[in-house]
Amino acid sequence: MRTAMAKSLGAAAFLGAALFAHTLAAQTATCSYNITNEWNTGYTGDITITNRGSSAINGWSVNWQYATNRLSSSWNANVSGSNPYSASNLSWNGNIQPGQSVSFGFQVNKNGGSAERPSVGGSICSGSVASSSAPASSVPSSIASSSPSSVASSVISSMASSSPVSSSSVASSTPGSSSGNQQCNWYGTLYPLCVTTTNGWGWEDQRSCIARSTCAAQPAPFGIVGSGSSTPVSSSSSSLSSSSVVSSIRSSSSSSSSSVATGNGLASLADFPIGVAVAASGGNADIFTSSARQNIVRAEFNQITAENIMKMSYMYSGSNFSFTNSDRLVSWAAQNGQTVHGHALVWHPSYQLPNWASDSNANFRQDFARHIDTVAAHFAGQVKSWDVVNEALFDSADDPDGRGSANGYRQSVFYRQFGGPEYIDEAFRRARAADPTAELYYNDFNTEENGAKTTALVNLVQRLLNNGVPIDGVGFQMHVMNDYPSIANIRQAMQKIVALSPTLKIKITELDVRLNNPYDGNSSNDYTNRNDCAVSCAGLDRQKARYKEIVQAYLEVVPPGRRGGITVWGIADPDSWLYTHQNLPDWPLLFNDNLQPKPAYQGVVEALSGR
C-alpha cells in the first residue's frame, strides 16, 4: 500500500531501482513493481521505492532491461537509454524520508511478445516485492483502496505514515537550498522551506515549499526543524483530529493571503466542497507561478478543477500516455489542502481529442476502453470525483458540424463509433472498475434553463439509473447571466434531478455570472468598456444578488447529504474564458483584476452563512 506522501508526490512508478552510491550507506528500500493496465499490444505499469531505512534518501537512479518489450513513454522521472534503460529523480521527488515512498510510471510496447516483468536491480533495494499484474480493465487493489476520501483524512494519513524524524534525516535537505539543514514540519509532514517566498506556500526548484513565517506560525510541536531549531517531528501528531488539522491549515493559509479581508475562507462556511478552476498551462493565471492566486486558493477553497490539463488530449504525448503535467497539479493540490475534481474523462471537441479518437480508427472501442481504464486507474485515490462524460447532449448553440440531435444526444465521434449513447454507460462502468472510490458525474451546460435540454438530461440520467450504470451525481455547469435564466427555472431544473434518485448528488461545476447579455437584443444595457465595472457599477450589485440566489437555491433544493459541491470557473475576472465574449468585456468571477474580492464574493458568503 502506498503512503499518503507517495500520493502527494504524484505517483505511478517504474521498473528497477538503484540509488546513487554516495547515499547508499545505512539506507535500504523496497522496490515493488506492478502492471496496472494491460491490452493486446502494450501495458502501463509502475514501481514504488519505499525508504525502509533510518535516514533520508537524497537522490535516486534506476535501471532495467527487457527481452522484447520496449519503453514507449514515462512520467515523473528522467529516463535515458534504449534498452537497457536508466532513470533518475526529478528535482521535486528525489528526497525520500524514512517510511515514505516515491514512484514514477511508464508505458511499454510488447513488440509482439507478452508483458515482461524484469528483475528489480540496484543496491538500494534491500527487498524487491514480487511483480504483480492487473488484467485489462482492472485496477490494483492497493491503488483502489489506499486513498483518503477527504482533505482531512489525507492529512491524517500522511501524518500517520510519517515516522519521527531523526537529526540525520532532517540534515538531508535539497541541494542548493539556502535553508541549510532546516525543513518545515507541517502538521507532522516534512516539506522544504522556501528560499524566496516570504508568505504562505510557494513553488521553488520545481516543487512546493513553505515560507519560514508560515511554518513558524504553527502551534507546537510543529514548525522549523533541523540545525538552529530544536522542534522535533512528533509522532503524536497522528492523534490530531481531522477537524483540528483542517482548521489549523485554513487558519494558517488564510493569514498568508493579503487579498482576502475576512481571513475565514468560503470553504469554512460549507460542509461540502467549495472549489475553483485553476489554469496550469502558463500565462499570468498559472497556479504554479502566481503566488497571489495560490494564496487565494489556499485561503478560500478546498477543491480544485483543472481548466484544461486533465482533459483527454492532455493525457498524451503523441500516441503515448503522459501524466507529468497533471501529476504535478494533483501533487500541488495534495500539498495545499485541496481535493481534486477531475475534468474530464470523455469530451467531444476536435481540438481536445487524442489522436486515436477519429471516425477512421478501426480500434476505436479498444482505445476508448484503454483511455478510461488507464487514466482513471492512474489517478485512483488521488482524485475525489470525475466528470466522466462531459456535454454528451445536443445543443443547437454548439453544433459546429451541423449534425443535429439524435434523440437529444450530440452526434459526437463517440456517439458515431458506438452507434448510440452506450459509450456513456461504458465510460461510467470502466471508471468505477478502475477507481471504486471516486464520485462519478455526468456534466453539461444550459441544463439549468429548465427547457428541452433539461428534459434530455432527465431522460439520460433515468436511462443510466434503469440500466444499473454507476452514476453518482449530475453536474450543472451554471454558466449564467445576471438576468438569465430565471432563478425559478434554475430551481426547477435541479429539483428534477433530485427527484430521480434518493442518492444522486448535485454539483455546480463551472459557475460564473456574466454582467452583459449579448442575446437580449438591447445593446443599450451593455457595459462596453473595460473600466465600466473595474471598481463599481450597478451590474456588480446585481451580480452579487445573482450569486447569492444561486447558492441559496442550491442549499434549499439539494438535501445536505447530496451536495457534491460548488465550483467557480476561475479565480479572478482576467482568468475567465468570458473576460471578453462576443466583443464585449465582462467581469464574471468573485475576484477582480487586482485579485480583490468583489461584491459577488460577499454574496456567496451571505448565502453560505444563511444571511
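Glycine is treated like the rest: Cβ placed from N, Cα and C.
Feature annotations, courtesy of Swiss-Prot:
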- Cys31-Cys125: disulfide bond (DISULFID)
- Cys184-Cys215: disulfide bond (DISULFID)
- Cys194-Cys209: disulfide bond (DISULFID)
- 281-607: domain 'GH10' (DOMAIN)
- Glu391: active site, proton donor (ACT_SITE)
- Glu510: active site, nucleophile (ACT_SITE)
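In this structure the alpha carbons, written CA, of Cys215 (disulfide bond) and Cys194 (disulfide bond) are 10 Å apart.
The CA atom of Glu391 (active site, proton donor) is located 42 Å away from the CA atom of Cys31 (disulfide bond). According to DSSP, Cys215 (disulfide bond) is assigned to a helical segment.
Between the CA atoms of Cys194 (disulfide bond) and Glu510 (active site, nucleophile) there is a gap of 33 Å, rounded to the nearest whole number. Rounded to a whole number, the C-alpha distance linking Cys184 (disulfide bond) with Cys125 (disulfide bond) is 28 angstrom. The Cβ of Cys215 (disulfide bond) has 25 other Cβ atoms within 10 Å, all protein chains considered. Between the C-alpha atoms of Cys125 (disulfide bond) and Glu510 (active site, nucleophile), the distance comes to 46 Å. Cys31 (disulfide bond) falls within a strand segment according to DSSP.
Counted within 10 Å of its Cβ, the other Cβ atoms near Cys31 (disulfide bond) come to 26, all protein chains included.
Note: the CA-CA distance between Glu510 (active site, nucleophile) and Cys31 (disulfide bond) rounds to 41 Å. Counting other Cβ atoms within 10 Å of each Cβ, the lowest count among the disulfide-bonded residues Cys125, Cys184, Cys194 belongs to Cys125.
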